[in-house]
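K.L.:
Right, I'll just put the structure down here and ask away after.
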Amino acid sequence: MSDVFERVKNIIVERLGVEDEKVTMEATFKDDLGADSLDVVELVMELEDEFGLQFSDEDSEKIVTVGDAVKYIESKL
Amino acid sequence: MNLEGKKALVTGASRGIGREIALELARCGADVVVNYAGNEQLAQEVVEEIRKLGKKSMAIRANVADSQEVEQMVKEAIDYLGGLHILVNNAGITRDQLIVRMKESEWDEVLDVNLKGVFLTTKAVTRQMMKQKQGRIINISSIVGASGNAGQANYVAAKSGIIGLTKTTAKELASRNITVNAVAPGFITTDMTSQLTEDVKNDLAKQIPLGRLGEPKDIAKTVAFLSSDNSSYITGQTIHVNGGMYM
């Protein structure tokens, strides 16, 4: 698993209070991890700080699964 | 009202109600950024008065209807203040005209500043307030937003829109400990009402149960309350401050 995935996972576990093993590339933020829309916005804000990136509003809206976030970050690094 | 240590941004704060709100928040202990659209000198005078109170203050020019200027302003304000707990969306203009004579441009100008400006500024501060898990947003509506007023279709539509926007923002941000309320002034003596003759003002006063026109400080003190910890269980509300003129 990539380093990006591990860092993203740590943030998700801390922010949403979910168990490690639930955070997979396929897990959806809303259905699988129990995040509401505002949680997702906050997660994106934290990921921006963690990786020194800016997610545009259009790109943020497309992030549904953990994998979406990881791939997006990897494409920007 | 104690606002010691709080950081505030007030739009349209170079004169009138906005000026008094900025000063009142500072008197209660807040550091205040004074936004203005055109009159730098007046804005600077407000800044000087706030500094005399021993509080940090600076003026930032920005048209609240312009998203880029708003984002830049909010960034500068947060950098300067080191946080942002209180946003007062006060900036507003009038272009009064009967609907039959109102130009499309007059409609657009008023809606852009008075309603879109509230949306843009709120959007720009939301990140910071969500991170802090603390915030107070106070939107200045108007009595006419509830009652209607001939000759002010654009202004009334915007001020009424602010009430709906306030409720929605309150619902979206409540879980992050951010409260959002509106204050709806009645007839307040400012530049906006100074064109009225004494006779008209006296007639107006007769229609007001408390028997006088309002003053900017009547509004400012309500805003200070809504900015404080004393109002922590109030959100999504419109507080009418109008001497009983509209109930």
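Just so you know, glycine gets a Cβ as well, placed from its N, Cα and C.
Pulled these features from TrEMBL for this protein:
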- B:6-186: domain 'Ketoreductase' (DOMAIN)
- B:GLY12, B:ALA13, B:SER14, B:ARG15, B:ASN63, B:VAL64, B:ASN90, B:TYR155, B:VAL156, B:ALA157, B:ALA158, B:LYS159, B:ILE188: NADP(+) binding site (BINDING)
- B:TYR155: active site, proton acceptor (ACT_SITE)
K.L.:
Determine the Cβ neighbour count for B:ALA158 (NADP(+) binding site): the number of other Cβ atoms within 10 Å of its Cβ.
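P.N.:
A count of 27.
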K.L.:
Select the most exposed residue of B:SER14, B:ASN63, B:ASN90, where exposure means the fewest other Cβ atoms within 10 Å, treating these as the binding-site residues.
P.N.:
B:ASN63
K.L.:
Measuring Cα to Cα, how far is the residue listed as 'active site, proton acceptor' from B:ASN63 (NADP(+) binding site) in Å?
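P.N.:
With distance taken Cα to Cα, B:ASN63 (NADP(+) binding site) is 17 Å from the residue listed as 'active site, proton acceptor'.
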K.L.:
Near B:GLY12 (NADP(+) binding site), which residues of its own chain have a C-beta under 8 A away, given they sit six or more steps off in sequence?
P.N.:
B:GLY18, B:ASN35, B:TYR36, B:ALA37, B:VAL64, B:ASN90, B:ALA91, B:GLY92
K.L.:
Is it possible to get the count of other C-beta atoms within 10 angstroms of the C-beta of B:VAL156 (NADP(+) binding site)?
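P.N.:
For B:VAL156 (NADP(+) binding site), the count of other Cβ atoms within 10 Å is 20.
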K.L.:
Calculate the per-residue pLDDT averaged over the domain 'Ketoreductase' (B:6-186) and state the result as an integer.
P.N.:
97
